[in-house]
Structure formats: C-alpha cells, structure tokens
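What TrEMBL says about this protein:
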type     : residues                                                            : note
ACT_SITE : GLU345                                                              : active site, proton acceptor
BINDING  : LYS28, SER29, ARG33, SER179, SER180, GLN181, SER208, GLU345, HIS372 : 3-phosphoshikimate binding site
BINDING  : LYS28, GLY102, ARG130, GLN181, ARG376, ARG417, LYS442               : phosphoenolpyruvate binding site
DOMAIN   : 15-449                                                              : domain 'Enolpyruvate transferase'
REGION   : 458-477                                                             : region 'Disordered'
Amino acid sequence: MTASQSSLWPAPSVSAPVTAAVTVPGSKSVTNRALLLAALGAGPGRLRRPLRSRDSALMAGGLRALGVGIEEAAGPDGAEEWRVSPGGGLRGDASVDVGNAGTVMRFLPPVAALADGPVRFDGDPRSHERPLHGVIDALRALGARIDDTARGSRGALPLTVYGGGGLRGGPVEVDASSSSQFVSALLLSAPRFDKGVELRHTGDRLPSMPHIRMTVEMLRAAGAEVETPEDGGEPNVWRVAPGALRGRDLTVEPDLSNAQPFLAAALVTGGRVTIRDWPRQTTQPGDALREIFTEMGGSCELVTTAEGTDLVFSGTPGGSAGGSPGGSAAGIVHGIDIDLSEVGELTPGIAAVAALADSPSRLRGVGHLRLHETDRLAALTAEINGLGGEVTETGDGLAIRPRPLHGGVFHTYDDHRMATAGAVLGLAVPDVRVENVETTAKTLPDFPRMWAGLLAGDDAGPAAGSSDAPAAPTRRD
Ligand SMILES: O=C(O)C1=C[C@@H](OP(=O)(O)O)[C@@H](O)[C@H](O)C1
Ligand SMILES: C=C(OP(=O)(O)O)C(=O)O
C-alpha cells in the first residue's frame, strides 16, 4: 500500500518538555507465554492484566481453535482477567491464523504436534518470509509429521502439523541464530513431550537471551524442571524434563519495550516521564532502557509508592531538537555505540533517538532484524534518511550520523515499532506524518490516544474497553 492510500497520522511536535505519568499495558511476551503454559496446564490458570492486542488475540484465537477455553472476566479489583481452562486434550482439524506474530508462528506448532489431528497454520504475507525452519526441522526430529510444501518453498508458512496426540521428544539440535523464539518454542511445550527435550543450539550466536530467560523462568514457575547453560548446565544446551504443568494465577508485568517511546519522549524533549508499576526484577529486555537512555543523556530512579514501584525518567534540557527549525523543545541526547543483540526489539526506538543526538551512533549485533516484522534495518535507513538523516546499514546494524531533520511521510511497513519510532522523531521535528499508525495494534492498540495523553501531561494509561482495541477472547461457543 502506498502512503497516499493509507492513513497518515500527523505526529505531534512539542514546544515544551514532556511531563507525564504513563500506565503501559501488559507485556506481549509474558502474556503469550502465560496463555500457552496455562493451555498446557493440568488445571485452570488465570492471567491478570493481560495485554489486549492483535498478537495476544491471535495467540488466544489459536489456542481456542485447539479446544482451549479462554474467558474474559473482571478480577476482584476490577482489573481485566483471562481465565484459561485447558479442556480435555488438544483438538486437531483446526486452523490457526498467526498474523505476523513471531510468538504465535513459532510457539504454537509444537503445541499442535500434541493435538489429535491436523492443524493448519497461515498468516500475513510477511509471515511467509519470517524464519521458521528451526522449529519445523526440530519438531520433525522429535517425531512430528509436518507438511510445509504448500507454497513450494520449505521451512516456512503456510504449513500443516499432523498432530499425533503426543510427541516423542528427546535430544535435538537447532541453529537459533535467526531467532531466539526457536528455542523458546521448543522449551515451552517440552514438559508435555514423552521424553521432554534436550535442545542444543548449534549456531554461532543467539539473539534475545532475556527472552529465553523469560521462557525458562515462566516454565519453572509453572512447575517444570529446566536445566540451562547459565546455571551450571552444558554450554548451549537446555534440558526440560517431562512432567505436569500447574495452572497459575499470574499478574502480567507492563510491557517495558512499549514503555520505550514514552521514555524517549522525556529524553528528546528534556522532560520527565513516570512509568507506573516498573518491575524491580524482570527478564524483559526493556529493562535495559534504564541504562541505555541514561548513557544517551537522561537519568532515572525507581521510586516506591503505595501501589508499587514507578520508574521516573528525566531528560536533560538544552539540546538542539535534531537541528529542526521549528523551535521544538529539546533535550540533550548523546550518540551511543552499543551491541543490541540481547535487546533487538529496542532497536527502532533507539535509532530514532540516535538520529536526534549530538554525536554519531553505532547499533551493532542486530542483523537478524532484517527478518522481523519488516526488514527493520532497511526500513529505519530509508525512513530516517527520508527526513534528511544520514543512516547507513552495516553488516549487523546501523551507523547513524545526526543531521538537521525536516518533516515528511514516515512509512511503517506494517511494523508497530516503526510507527512508535516515527512518533518519537515527530516530537522534535515538525510535520512528520506517520503512515498507518494503526499498525501499533500489534502490541499497543491504544497508542495514538496514549500519546495524546502523554503530551497533555495526563496519567496516560490504556482506556478501559477502548474501542479500537481488538476484541479480547470470549467464551468458546
Ligand atoms: O520470545 C519473545 O517473546 C520475543 C523474542 C525476540 O525475538 P527474536 O529473537 O526473533 O528477535 C523479540 O525480538 C520478540 O519481539 C519477542
Ligand atoms: C520482533 C517483534 O515481534 P515478534 O514477536 O513478531 O517477533 C517485536 O515485537 O519487536
């Protein structure tokens, strides 16, 4: 779709430092793991404050297609709650829409191998291009039957998993250098494999380690026995023992990667933004923003309140707003040279801030982003340069030389994090129009309203029952 056919959202620029408090909705990665683990549990499970977004609706929809009951309810304190009833065995003869959700396209095929019949998987056109071979090949080696020949090219969607009511499991080798989600996918379902799994990563690098730690931590909390290279196990080997998973009551943490644009707003305008309910201990990669944005010119502290812990992040007033002529409010922002391989999903937001800095940046270790929602390295290069920037793709990342920026259309390529990166640039550069801002619905459906609330100085949380959010899962008919 061209920009003229698609919506253009005028990204607001600001003339004063941004000061606000923000309640960020639940983590995508935690919500989708929690749904899956609850679906594989021996008894009912409950998710409090789940993320309601396209990716979590797709995960819930996929599990419901396999016969899992997921109902929406209000918890005792009025907060949203999803109740998951595993039901009596996973049903086959089902179809699963994965959209463009990496967590759904990677995490559900192992679950489908446990169903009692064929499960067909398909999704957005981009899902056909995203790597899936690690999951397909491993499942075959563990005893599953999979047909991935529908489009003539193998190792990708669309595909059918012929569920056999169970899976042998055992030792398997996987090269997960293109996505950590290959590892997480196989570990999450492994307690239900007859022999569990002994997964050996054979690639020369492994991105997004915090997300693998999240998988391990959530498996253990559900009662699984897991051995990892990080706690005395063999290097590159994860072992999960077969065994029952228990249903849990779990409160989903706010999505710290989705806190990024709000923190960036404080940094680039020299303002102050409070993020409510920041976890003191977490496996989320977004926690690294405290350090990264501090190195780029801000400062932050965790503050204990009656309700929990807030992160208060302050920018430093006095910068040049990307050289923009519009007199926008500006914070002092420094460039950064950093390996982002552990926290790749933060790259678009960091690139946007780096384009407004007072010195060049090098973002390294993120070659695998070429196979994310879009080719993020190409997209960031094209769009920041389209506003007058000087970004160059390197073999494994980006080199960013700040230049005076001007307005223009910022294309988003159906990528939620491109849209939020465009919004951050728009704060400092007048007349940036973000194409298809609605693509933020993948993980943050209420973004435009939250952004308006941020700039109005509100406590900008998600609207209860907000009308543009995808429907939450409801009782299965
Ligand atoms: O497991 C997860 O929840 C995720 C893992 C990462 O994937 P990659 O390792 O493919 O980058 C991350 O980028 C993605 O947003 C979420
Ligand atoms: C890479 C991302 O998502 P996915 O789960 O689709 O891989 C992301 O959210 O930045």
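Including glycine, each Cβ sits where the backbone N, Cα and C put it.
The shown structure was predicted, so the numbers you read here are calculated from the model rather than taken from an experiment.
A map of TrEMBL features onto the structure.
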{"residue": "LYS28", "record": "3-phosphoshikimate binding site", "CB count, 10 Å": "28"}
{"residue": "ARG33", "record": "3-phosphoshikimate binding site", "CB count, 10 Å": "25"}
{"residue": "GLY102", "record": "phosphoenolpyruvate binding site", "CB count, 10 Å": "27"}
{"residue": "ARG130", "record": "phosphoenolpyruvate binding site", "CB count, 10 Å": "22"}
{"residue": "SER180", "record": "3-phosphoshikimate binding site", "CB count, 10 Å": "26"}
{"residue": "SER208", "record": "3-phosphoshikimate binding site", "CB count, 10 Å": "23"}
{"residue": "HIS372", "record": "3-phosphoshikimate binding site", "CB count, 10 Å": "22"}
{"residue": "ARG376", "record": "phosphoenolpyruvate binding site", "CB count, 10 Å": "25"}
{"residue": "ARG417", "record": "phosphoenolpyruvate binding site", "CB count, 10 Å": "31"}
{"residue": "LYS442", "record": "phosphoenolpyruvate binding site", "CB count, 10 Å": "23"}
Recorded 3-phosphoshikimate binding residues, LYS28, SER29, ARG33, SER179, SER180, GLN181, SER208, GLU345, HIS372 - maximal Cα separation rounded to whole Å: 19
Assigned conformation of ARG130 (phosphoenolpyruvate binding site) - DSSP reduced to three states: coil
The residue listed as 'active site, proton acceptor' to ARG417 (phosphoenolpyruvate binding site) - Cα separation in whole Å: 8
Local backbone state of HIS372 (3-phosphoshikimate binding site), from DSSP in three classes: coil
Of ARG33, SER180, GLN181, SER208, GLU345, LYS442, recorded positions neighbouring ligand 1, Cβ under 6 A: SER180, GLN181, SER208, GLU345
Packing count at GLN181 (phosphoenolpyruvate binding site) (other Cβ atoms within 10 Å of its Cβ): 26
Local confidence of the domain 'Enolpyruvate transferase' (15-449) - pLDDT mean: 96
Number of other Cβ atoms within 10 Å of the Cβ of the residue listed as 'active site, proton acceptor' across all protein chains: 27
Cα-nearest neighbour of SER208 (3-phosphoshikimate binding site) within the listed binding-site residues, GLY102, ARG130, GLN181, ARG376, LYS442: GLN181
Entries of GLY102, ARG130, HIS372, ARG417 (binding-site residues) sitting next to ligand 2, with Cβ under 6 Å as the cut-off: GLY102, HIS372, ARG417
Listed binding-site residues GLY102, GLN181, LYS442, filtered to Cα within 10 Å of HIS372 (3-phosphoshikimate binding site): GLY102
Cα-Cα distance linking LYS28 (3-phosphoshikimate binding site) and ARG417 (phosphoenolpyruvate binding site), given in Å to the nearest integer: 13
Cα distance (Å, whole number) from SER180 (3-phosphoshikimate binding site) to ARG376 (phosphoenolpyruvate binding site): 17
ARG33 (3-phosphoshikimate binding site) and LYS442 (phosphoenolpyruvate binding site), Cα-Cα, nearest whole angstrom: 16
Rounded distance in angstrom between the Cα atoms of ARG130 (phosphoenolpyruvate binding site) and SER180 (3-phosphoshikimate binding site): 13
Whole-number Å value for how far GLN181 (phosphoenolpyruvate binding site) lies from LYS28 (3-phosphoshikimate binding site) (Cα to Cα): 13
